[in-house]
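Only one structure is covered here, and it is reproduced in the block below.
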């Protein structure tokens, strides 16, 4: 069947670190990473320009470490290194399925990755390469959600795809705890902030709103969902400035 034109031509996919851990929930499961890489490769083969930001929660969490007494700045830098580990593993899996991939880091580590340079990242995308952004924004106190929103703005992405584990969108309550929870199909960025819906942290939400970047929250565990989102199927929750506010 002939595909329609894509809704989004340049996307930034935000993956949690836990997405790479598989059923174990911690560490890196190579088979899981390879499965995700194949999903991304399928979309990339259709001519979609793709960047990635991957969290580091499968390897390290800075806030609990800080609460236990570790210096918060050092804890956050440790987490940034975790995101680079995840980026390198994902890059290898993408290379193995035939996708030319570059890792760029906000903290210089030129033996393993390029430094983040916006112009170079744009050229990679234009040449059909996938770019993975590691090490957050290079500063403590900023989440990888904020990294995703900032890098999406810098590369002029059409949308941020928030790939969730087993969660098919945004609800007014936790659907695992409340059977009456209702899923939102559409929201404005202002809705998200005003309703306190923690899709991403407030800094990331504001960045997305101010730069008019669509945000799509969807379940990544179902095969083909990334492609469905790119081609405009309403399978999750779309957050945009251009949707009439919901009551």
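In case you wondered, yes, glycine gets a Cβ from its N, Cα and C as well.
Pulled from Swiss-Prot, these are the features on record:
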{"type": "BINDING", "residues": "14, 15, 16, 17, 57, 61, 165, 171, 174", "note": "ATP binding site"}
{"type": "REGION", "residues": "22-27", "note": "region 'Involved in allosteric activation by GTP'"}
{"type": "BINDING", "residues": "56, 76, 137, 138, 139, 140, 141, 142, 143, 144", "note": "UMP binding site"}
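Looking at residue 16 (ATP binding site) and residue 56 (UMP binding site), their Cα atoms lie 7 Å from each other. Max Cα-Cα distance over the annotated UMP binders (56, 76, 137, 138, 139, 140, 141, 142, 143, 144) is 15 Å. For the region 'Involved in allosteric activation by GTP' (22-27), the mean pLDDT of the prediction comes to 90. For the UMP site, the Cβ centre of 56, 76, 137, 138, 139, 140, 141, 142, 143, 144 serves as reference, and the other residues of the chain with Cβ at most 8 Å from it are 79, 80, 136, 146, 147. When the Cα of residue 174 (ATP binding site) is compared against those of the binding-site residues 137, 139, 141, 143, the shortest separation belongs to 143. Whole-number maximum of the Cα to Cα distances across the ATP-binding residues 14, 15, 16, 17, 57, 61, 165, 171, 174: 25 angstrom.
Among the binding-site residues 14, 57, 165, the residue whose Cα lies closest in space to that of residue 141 (UMP binding site) is 57. Sorted by the number of other CB atoms within 10 A, the binding-site residues 56, 57 start with 57, the lowest.
Neighbours of residue 141 (UMP binding site), defined as other CB atoms within 10 A of its CB across all chains, total 12. A separation of roughly 15 Å, to the nearest angstrom, links the Cα atoms of residue 56 (UMP binding site) and residue 165 (ATP binding site).
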